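Structure, as structure tokens:
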Amino acid sequence: MNALEEINLKGFVDEYIDPTLDLFEEIEKLKKEKNAVILAHYYQDPDIQDIADYIGDSLGLSQQAAKTDANIIVFAGVHFMAETAKILSPDKKVLLPDVKAGCSLSDSCPPHLFRKFKEKYPDHLVITYVNCTAELKALSDIVCTSSNAVQIVESLPKDQKIIFGPDRNLGAYVMKKTGRDMVLWNGACMVHEIFSQEKITKLKERHPNAKFIAHPECEDAILKMADYIGSTTGLLNYTIKDSATEFIVATETGIIHQMEKENPGKTFIPAPPNNSCACNDCPHMKRNTLEKLYLCLKNELPEVDVPREIIEKARLPIERMLDISAKLGL
Ligand code: 13P
Ligand code: SF4
């Protein structure tokens, strides 16, 4: 099997790695040799977060991808994030340790169906959450992330009609915060929809001093219980600034690694899912491993590419988001 066939089948080049190698050292060496930068999302494994040049939420990662002067971007995240980096830096090589690292939320909005949906509302502006394919971004007017969705909607005239997709939970949260009515696409993230209201209530009773913090991709019933709602960076910053010493965290578990690093002595409890067989790990994010990251940097594969015509259409809505965010100091 050649490398491309293997990538099609497995998502990565599965090569033997000498077990005596120190992968942290090897990755550092390759990074220097190739002028590569590693951008990692907070939901990645702790090892990947620790070797990354930059760790962040979707907005922070897009801002870094737009400004890096590295020749190679290794995106330790999921496919839509690597695509966003490629759209913003089309002349750079963008690598994803496992190209099958997808996203249930992005999958819940196939572009051909969204196009038909959009045709029903010709006088509406289209705002899409960054968790979607490059093709969907190309059908949008403005992209947003969980850290700027409210501000982006608020920056538009009050009577502006809006379609918001693909996340119905983030959309409903933005509607509540802004008082605007929006037409929502019915998509959701498989990780943020599993939290149990009943089990969180019981957990809060057992930890009366704990603050409950949640990502806006969670359902409204869960958000209603939260002391703070925010993007992954927002949640992390809240745990640093707030005086509480215990936090119940309703988002993917990867962020807890940074929360513990930033807050020695504070305790972080993952919010319980409704099904005891379920867990708060994103199966897509967790496809990436340190071994796959090493192999991808070594072989410069798998590479994520986006067709030129899609890049041309998808770039503007992302740049609008970055411009609005820069003006607002986000
Ligand atoms: P943020 O890091 O932007 O909060 O996004 C969370 C998420 O679900 C990414 O897939
Ligand atoms: Fe997609 Fe949810 Fe995983 Fe984020 S946590 S990559 S939104 S499935």
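The chain as shown is numbered from 1 upward.
Yeah, the Cβs are placed from backbone N, Cα and C, and that goes for glycine too.
Given the structure is predicted, the values throughout are model-derived calculations rather than measurements.
For HIS41, SER58, TYR129, VAL130, ASN131, SER146, HIS215, PRO216, GLU217, THR232, the entry in TrEMBL reads iminosuccinate binding site. Non-local contacts of TYR129 (iminosuccinate binding site) by the CB criterion (under 8 A, 6+ apart in sequence, same chain) comprise LEU105, VAL143, CYS144, THR145, SER146, ALA149, PHE164, GLY165, PRO166, ASP167, LEU170.
Per TrEMBL, [4Fe-4S] cluster binding site is recorded for CYS103, CYS189, CYS282. Taking the Cβ of CYS282 ([4Fe-4S] cluster binding site) as reference, residues of its chain lying under 8 Å away and at least six apart in sequence are, in sequence order, TYR43, VAL78, MET190, VAL191, GLU252, GLY254.
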Handout entry: Distance, GLU217 (iminosuccinate binding site) to CYS189 ([4Fe-4S] cluster binding site) (CA atoms, angstrom)
Key = 7
Exercise for the section: Using all protein chains in view, find how many other C-beta atoms are within 10 Å of the C-beta of HIS41 (iminosuccinate binding site). Expected result: 26
Exercise for the section: May I ask which of the binding-site residues CYS103, TYR129, ASN131, HIS215, CYS282 have a CB within less than 6 Å of any atom of ligand 2, listed in sequence order? Expected result: CYS103, ASN131, CYS282
Fill in the blank from the handout: Same-chain residues at least 6 apart in sequence with Cβ under 8 Å of the Cβ of GLU217 (iminosuccinate binding site), in sequence order, are LEU105, SER146, ASP167, ASN169, LEU170, ALA188, CYS189, VAL191, HIS192, GLU193, THR251
